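Trainee: Dropping a structure here in structure tokens format, bear with me for questions.
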Amino acid sequence: MSSTSQTPISVTRTRTPQPRPADASLSFGKVFTDHMFVMNYVEGKGWHDPRVVPYAPLSMDPATSVLHYGQAIFDGLKAFRGRDGQIRLFRAQRHAERLNKSARALCIPEMDPGLVRRSFEAIVGVDHEWVPSTQGTSLYIRPTVIATDVMLGVHPAHSYTYFVICSPVGAYYKEGVKPVRILATDNHVRAVQGGLGEAKTAANYAASLSAQQEAERAGYTQVLWLDGVERKYIDEVGTMNIMMQIGDEVITPPLAGTILDGVTRNSILTLLRDWGLTVSERRISIDEVMQAGRDGSLREMWGTGTAAVVSPVGELGYKGEKISIGNGHTGMLTQKLYDAIVGIQYGAAEDRHGWTSTVPALTEA
Ligand SMILES: *Cc1c(COP(=O)(O)O)cnc(C)c1O
């Protein structure tokens, strides 16, 4: 029978624990913890053998299907060490459910979301000493599922590996929240209706690289993606969801099939509504935004995602025109949102919506 949220998770500890880097030296995704979580799927048996094992390379036959056809999904969430010493996961259940949503989009068999959540708790519990403690640092958790059939036929695989690795990461904003420059492109599109835009899958990232490179060559930090049909409506920015405040309205593109249902997006929309602001999930064209930039009603613009929480936009380029937003400063609302989310993540502010869950250390018996 397939493993469920009740299935015990076995733990095999490393005999060669690695030294942990100093908090100040941490960047993003370069150092990994001592252990990883692994679980396998084969047709007929289901998901089985959930376990924490020493971090190690995966050995694969060169004909393994994921290497050829990209049947792969992932997610990304964080564990934070609060000033009270407690380790908290931010919205673990929602991330577990989203991993399953991505699984459905790529014909990958779903996992028990309770077990996925326990996989996060198990790996963080075993590697609890790796959760850094300096303000702004965290442990990034990367759950991934790959197709492992050894054959070159194109069809959904009959076997999969789920693994979770963790990386201690430095403060995204070491010198305070800093605005970025973004370029709206109509040369490339990220996703279309009926495609994979709603899934967190390797393919979307591969598809974004050439546009990202083009934006960087033009002196910008990120791409502002327009819709794949009319190349007119705003979708996302880089690998983040996008929001803006025009006059008194906060606007973000709707979840209509081409964008990711970001956990940060959802958290921020909830806070904005709590605060009584006018929030619209609606289509917004690049022309409307440029016009608002010209007439001064575009007050703030920011991206949202787990890595940065919010990323303020200081400049927007489109068809050779540039508009400056907030004179290169982080807007008041953007900063307030950042502070509110971070306060909840580190246990410093009241968690009214029950978004965090504490993780006990799993010490050796
Ligand atoms: C991960 C991701 C986001 C942000 O989602 P969060 O859950 O807030 O981290 C937004 N857009 C894309 C394309 C993503 O892959």
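Each residue, glycine too, has its Cβ placed from N, Cα and C.
Annotated compositional bias 'Polar residues' per TrEMBL: 1-17, in sequence order. Residues or ranges marked as N6-(pyridoxal phosphate)lysine by TrEMBL: K200. According to TrEMBL, the region 'Disordered' annotation covers 1-25.
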Trainee: Do you know the DSSP helix, strand and coil residue counts for the region 'Disordered' (1-25)?
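Mentor: Split by secondary structure, the region 'Disordered' (1-25) comes out as 3 helix, 2 strand, 20 coil.
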Trainee: Give me the count of other Cβ atoms within 10 A of the Cβ belonging to K200 (N6-(pyridoxal phosphate)lysine).
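Mentor: Around the Cβ of K200 (N6-(pyridoxal phosphate)lysine), 25 other Cβ atoms lie within 10 Å.
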